[in-house]
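Q: Here it is: the structure, laid out below.
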Amino acid sequence: MKRHLLEAADLDRADATLVLDTAAQIDAALAGREVKKLPTLRGRTVVNLFYEDSTRTRISFELAAKRLSADVINFSAKGSSVSKGESLKDTALTLEAMGSDAIVVRHSASGAPHRLANWVRGSVVNAGDGTHEHPTQALLDAYTIRHRLGRLEGVRVAVVGDVLHSRVARSNVRLLHTLGAEVTLVAPPTLLPVGVGSWPAEVSYDLDAVLPKADVVMMLRVQAERMNASYFPSAREYSRRYGLDAHRMGALGDDAIVMHPGPMNRGMEIAAEVADSVRSTIVEQVGNGVSVRMAVLYLLLGGRAGE
Amino acid sequence: MSTLITGARPYGEDAADILVEDGRIAAIGASLSVPGADVVDAAGLVALPGLVDLHTHLREPGREDAETVETGSRAAALGGYTAVHAMANTDPVADTAGVVEQVWRLGQEAGLVDVVPVGAVTVGLRGERLAELGAMADSAARVRVFSDDGHCVADPALMRRALEYVKALDGVVAQHAEEPRLTVGAQMHEGDRSARLGLTGWPAAAEEAIIARDVLLADHVGARLHVCHVSTAGSVEILRWAKSRGVQVTAEVTPHHLLLTDECAEGYDPVFKVNPPLRTDADVEALRAGLAEGVIDAVATDHAPHAVEDKETEWAHARPGMLGLEQALSVVVATMLETGRLDWRGVADRMSTRPAAIGRLDGRGLEAHGRPLAPGEPANLLLLDPGARAVVDPAALASRSRNSPYAGRELPGRVVATFLRGVPTVLDGKAQK
């Protein structure tokens, strides 16, 4: 494993598989235990540095670190020196001086974790940067697929929605490709980046043509505000062409699953009856997120304990 | 006072002595002997006319923490320049006779290069109404180049009027070609890399659309147009077409667009963030070919100093721009001369003769720039050691800022001396004030 987890490309197939296997071991070790806590990172300090509001990702990382017995500090940009104009570099040096072993960073600017990694000695974990990547989301998605379908090699995954602005899509395309899955991106052309042709993924504008062949349908959050910039004419038209409703769900194979990274816009990209169906893994993904983030922190920090 | 430069190779050709007297070249010939003259041994060095930059940001007034007229002038002299055009996006904006005269006077006081102010096209660079272009032209600064650089004159009707109006001033509008609606939030060249890095793309078409529009407007009203920092292969094609139709259009390319590509954005170091952005290998190839062919007339630095805190930040929050004055000639040697695309006369043409002509600095007086190395001409010249190679160290630069994209890169050619009207501004590679 590299020292940092900045993007999915930091993981080769062996590393990615190690993370998933470690998460499975952690799940097994904690299953049925009353005290869900391991002593592995006792005395280590993990900082959650969040420049964007994201309660679910922050508490997932917080829980992961606490279950490994690490000390956890939550550093939110709001109400801190950051809102008084402190630079990312100065914040990094401050956290470094306080002895942080890992910084989990969420930032609205693509590449901010890369910058941070230049300024600190500890590990940096990207918890979502701008429209770039969100590698632990991709890991928990891969973990969920493997858990449900028993494999990743050859699994056909349709990623549907606002690919252009999605860090989840970028990380998933890279990681799923590394792990041998076949990804098809489905979106209106306005929500696909120029240059998408160089990605290791197929591209389609037609959701109905893709669904019957998909083992996994991953729906991305689409912000209704995008219609104001003419990415699509209206929320209703988007939903009609690219939303997953009960009727479309009927076109899926028997074992196919439906995923969503959350938070969902029910009625926009996904209908309530789909989100709540037995195919849906949405709640499972949240639980798996904690295990996968424990595995990442353990592998980045555990090996260097006592250093 | 006379200076004898011995053994230099004008335009890289046969060695000759150059005698400088009273600010002019008095003689060029073999074994000149002048009792009492200061002697500068230039054996093996290439002599070129002093370089002229059409596009420099000196940051004064307003951001003297990033650069001043004096520090920028020193960087220019060390780069072999004897004249630089100072862009108008200062604070306050150079949109009045008062501000352009201030910048011009500061340049005269520094005395290292002739600082030629560029006037803003529109008041406050806001793109709404014309600044007092005539007043700036008639001022002591004698402005001939007008530009809202940093911003595009996007309104087509306003651009048309600007092109027409400056005809009476023998002026030229230098357009920063960027259709603003196509570059909202843009961070880097739009292509494979921007898609993967998750940085908002700056499409080539946003530059090309404005250039296409403006050459048609310049043709229609019979005016001169200059295009700043051309960065795409498509722009070169449009310019080639326009020139073949006789449109009075000229264009410049920056050293960094001749050398670097969007690959530099990997790693998100904002020292490589620039506007227009670094583009692809195919664009670099087309720009080099266009410059060799003459479709692109000039190399202009777009020297853009920025304080450390404006660059040591997240990519999206950093200011665009990079230093250029001190390495421009080396980059041109590496990309154009050593590749065989231009000879030394070609380098002199693109970095001195043509930019001086575009800025109307190429008159007959002692104040002229871009004149050939010949007896009777103003003694503006540089001496270059073409065999020297050095690794760029930003801490060693004369600029007040450190945002050089060439840090750690080995480049050929070292400016040993620069003369401004016969007075050495640089000797032994060191600025003389």
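Quick reminder: no glycine exception, Cβ is built from N, Cα and C everywhere.
In TrEMBL, annotation is done automatically, which means it is predicted and not curated.
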Q: Using only what TrEMBL says about Zn(2+) 2 binding by B:ASP149, B:HIS229, identify which of B:HIS176, B:HIS220 is listed for that site too.
A: B:HIS176
Q: Given that TrEMBL lists B:HIS55, B:HIS57, B:ASP149 as binding Zn(2+) 1, which residue among B:ASP297, B:ASP302, B:ASP310 does it place in the same site?
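A: Within the candidate list, TrEMBL flags B:ASP302.
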Q: When you tally the Cβ atoms that lie within 10 Å of each candidate's Cβ, which of the binding-site residues (B:ASP149, B:ASP302) has the highest tally?
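A: Answer by Cβ density within 10 Å: B:ASP302.
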Q: Let me know the DSSP-derived helix, strand or coil state of B:ASN89 (substrate binding site), please.
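A: B:ASN89 (substrate binding site) sits in coil per DSSP, no helix or strand.
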Q: Just to confirm: which same-chain residues, 6+ apart in sequence, have a Cβ under 8 Å from the Cβ of B:ASN89 (substrate binding site)?
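A: Set apart from B:ASN89 (substrate binding site) by at least 6 residues yet with Cβ under 8 Å, we have B:HIS57, B:ALA120, B:LEU125, B:ASP148, B:ASP149, B:GLY150, B:HIS151.
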Q: Please report the Cα separation of B:ARG59 (substrate binding site) and B:ASP302 (Zn(2+) 1 binding site) in Å, rounded to an integer.
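A: Here the two Cα atoms lie 12 Å apart.
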Q: Other residues with Cβ within 8 Å of the Cβ centroid of B:ASP149, B:HIS176, B:HIS229 at the Zn(2+) 2 site?
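A: Near the Zn(2+) 2 site, the remaining chain residues are B:HIS55, B:MET87, B:SER147, B:GLY150, B:ALA174, B:GLN175, B:ALA177, B:GLU178, B:CYS228, B:ASN275, B:PRO276, B:ASP302.
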Q: Let me know how many other Cβ atoms fall within 10 Å of the Cβ of B:HIS229 (Zn(2+) 2 binding site).
A: 25
